[in-house]
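Here is the structure we will look at, set down as structure tokens.
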Amino acid sequence: MGHSSAAGTGTILVAAPRGYCAGVDRAVDVVEKALDLYGPPVYVRKEIVHNKYVVESLSRRGAIFVQDTEQVPEGARVVFSAHGVSPQVRAVAQARNLATIDATCPLVTKVHREAVRFAKEDYDIILVGHEGHEEVEGTFGEAPEHIQVVGSPEEVDDVVVRDPSRVVWVSQTTLSVDETRETVDRLRERFPLLEDPPSDDICYATQNRQVAVKTIAPRADVMIVVGSANSSNSVRLVEVALESGAGVAHRVDKADELDPVWFQGASTVGLTSGASVPEVLVRDVVEWLQARGFPTVEEVRTETETITFALPRNLRAQMAASGMGETRPHAKRRVGVNHTS
Ligand code: SF4
């Protein structure tokens, strides 16, 4: 992003990394490639990623979003979203003879595998996460008899385990790092032999976006997080901004939800976006602010991300069989060009 000479003296601090993570990039790409390969309609169970704009863009191209696998016609093709599904959902899809393409983020799949392994070893598993979130439903479904969901440090008091020496915690991938630490500390006070997951379950993208926000929040009179209300990691970014010293913080889906009143008297605005947010929506916010007294844009980078995930194997094989190249727009997307517009 460059500088502008519009009227006013305010500064926009833009967090980096922000926006698309590797799992979202892949999931959106899966639907786009499936549409190219098979033509519409392609059914998608739940929102492919939690972002209104992405869902609307893909709907226009012929994706049909359904809440339930039962709503997909027998024998049709369905994409499972980035948040993952439980074995029960897979069983329903099989029973209905659906052709499935699994866009579950590999980092969510990793947590599923941990849950399955610890359940096999007969642990009580504490899943730190938000009840009702699709990812939590999917992970929980891997071992419902062994898993309890804990949403906050306060809920730790209600946990009951069979054997305090065989308890492990795992987590949703998009939580607040600090709040999760508090929850785990409380769990460990109650169960000193609590075991940790083999590696961090809160994913690299969630962590990196929180670190970037923590860095700019103390300088921001107002913090704007671009992201949808049902996007866990976006909502966490608002909380992290407030905890880290931002004067106020607002989440918006897009620029036209911004209210000029929020910026009265402010000289520095912090800006970031959740992991499911296309860069075009951030650019719109920058332009909106530049037209209202914040001409200077400064990007504050705390990490450079290079991770990418390959497309699902069955999709790759069918693309190869029909002579379709596997071009992925990562390089362009890293510098912020949105591919769904
Ligand atoms: S936020 Fe993390 S876990 Fe979720 S899709 Fe992105 S990389 Fe995967």
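Yeah, the Cβs are placed from backbone N, Cα and C, and that goes for glycine too.
The annotation in TrEMBL ties His50, His83, His133, Ser231, Ser232, Asn233 to isopentenyl diphosphate, and of the candidates under consideration, Ser276, Ser322, the one tied to the same site is Ser276. With a cut-off of 6 Å between Cβ and the nearest atom of ligand 1, the recorded positions His50, Cys105, Glu135 reduce to Cys105. Per-site Cβ counts within 10 Å over the binding-site residues Cys21, Cys105, Cys203 peak at Cys21. The Cα atom of Cys105 ([4Fe-4S] cluster binding site) lies nearest to that of Thr173, taking the binding-site residues His50, His133, Thr173, Ser232, Asn233 as the candidates.
Of all the binding-site residues listed (Thr173, Ser231, Ser276), Ser276 sits in the most crowded Cβ setting, with the most other Cβ atoms within 10 Å. Comparing Glu135 (active site, proton donor) with His83 ((2E)-4-hydroxy-3-methylbut-2-enyl diphosphate binding site), their Cα atoms are 5 Å apart once rounded. A distance of 7 Å separates the Cα atom of Cys21 ([4Fe-4S] cluster binding site) from that of Ser276 ((2E)-4-hydroxy-3-methylbut-2-enyl diphosphate binding site).
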